[in-house]
């Protein structure tokens, strides 16, 4: 009996194993150190930002602060270099705290919320999905005020007040401020404090470098009794740093002033650009002092996402098995063998006995045909029939084909006629042996 071989086992056994949340995350975030740090999709800009901070400070320490060490006594010159290095390290740490942490991502729902009854319209069509019956906007009460919250089709949830969906990170973020390309991360509830401290520290660092570059030029003027233009030509590195920090101060300094205004009024950049509180009072405004306390002294809420948690996958149901070791989801049905692309074992045996057509022998070969042995033809006859079938694909022999034609081949009819003639003669023959002898050319 033919036995279907067992399919080979899959080598990727870990594909059905347990994965962590960051490995199945549907947002656009990039994770490092197995989910301990979460960045935005534009994390490469973080390296550029670090270079824009570290390279000018390094040039300042080499070409300016090192020269000032000899001009200041009592270790004041050493402190100039130390302050620049420590301030730079502190600034980069704030940058990493802003960029490498969860800004306040709200976890997605696996399924949309239950649809609510629509007023006066409950006769929805059968083909209408439940999502289409969800209201796009709901009114909720927060801090004694009524807010309209929108439904997010991507995260399948109603966004809380002050929450918005970032199209770059593809996440809903609590108290969404903006997506900063310089830090490569969204700015939200959990990292806004560090973002402001980073911008403010960068402003102070620019002022520090800018000021001591002018101090060094002033020292050259006093020591050599020359004009300011000649002193500037003697230290081109100071001129480059002055121009660079002056431009940077306008950028980060202006950003610091703008966010000081937002903190004092308890707004976000997104809310301010959308002009949400121009014609009505801001329900989040608690006064300048309380607004600053809320930003810098309130506890940072814990993340709603455990990126290193295990996601347990349910194993698939095993298919039913049959003897022979072959397993298929279609097992147990009446047409299993047909769907597997092969005939049943007994069908193979029946077709092998039925698909015979022509007996082919040598000139002196004797063919013995007895009663009831018409189907026991030689292998050569079976080969001849198979060759005939291969010339006509899709057709079977006259015994068992589905075309509806029952015409026998001439060879089989000749053999049957000789058997009938033998039976009529009482089994006799010209040789008296009771056998039928046929001489046929090969």
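Positions of Cβ are set from backbone N, Cα and C atoms, glycine also.
Automatic prediction, not curation, is the source of TrEMBL annotations.
Residues or ranges marked as compositional bias 'Basic and acidic residues' in TrEMBL: 355-373 (among others).
The compositional bias 'Basic and acidic residues' annotation in TrEMBL covers 383-394 (among others).
Here TrEMBL flags 396-405 as compositional bias 'Low complexity'.
Annotation comment: TrEMBL describes 150-274 as domain 'Palmitoyltransferase DHHC'.
Annotation comment: TrEMBL describes 351-442 as region 'Disordered'.
What TrEMBL lists as transmembrane segment is 46-65 (among others). Non-local neighbours of the transmembrane segment (46-65) in the same chain are 39, 77, 80-81, 84-85, 88, 91-92, 95, 99, 182-184, 202, 205, 209, 212-213, 216, 235, 237-238, 240-241, 244-245; each lies 6+ residues outside the stretch with a CB under 8 Å from one of its CB atoms.
Under the heading transmembrane segment, TrEMBL lists 77-98 (among others). Only residues 6 or more beyond the boundaries of the transmembrane segment (77-98), in the same chain, are considered here, and those with a CB under 8 A from a CB of the stretch are 46, 49-50, 53-54, 57, 60-61, 65-66, 68-71, 180, 183, 185, 187, 191, 194-195, 197-198, 201-202, 204-205, 208-209, 212.
According to TrEMBL, the feature transmembrane segment maps to 194-217 (among others).
As annotated by TrEMBL, transmembrane segment applies to 237-263 (among others).
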Key: Remote residues contacting the transmembrane segment (237-263) - C-beta distance under 8 A, at least 6 residues beyond either end   = 56, 59-60, 62-64, 196, 199-200, 202-203, 206-207, 209-210, 213-214, 216-217, 269, 272, 291-292, 295
Ask   = Looking only at the domain 'Palmitoyltransferase DHHC' (150-274), what is the mean pLDDT?
value = 93
Key: Helix, strand and coil totals (DSSP H, G, I; E, B; other) for the domain 'Palmitoyltransferase DHHC' (150-274)   = 75 helix, 17 strand, 33 coil
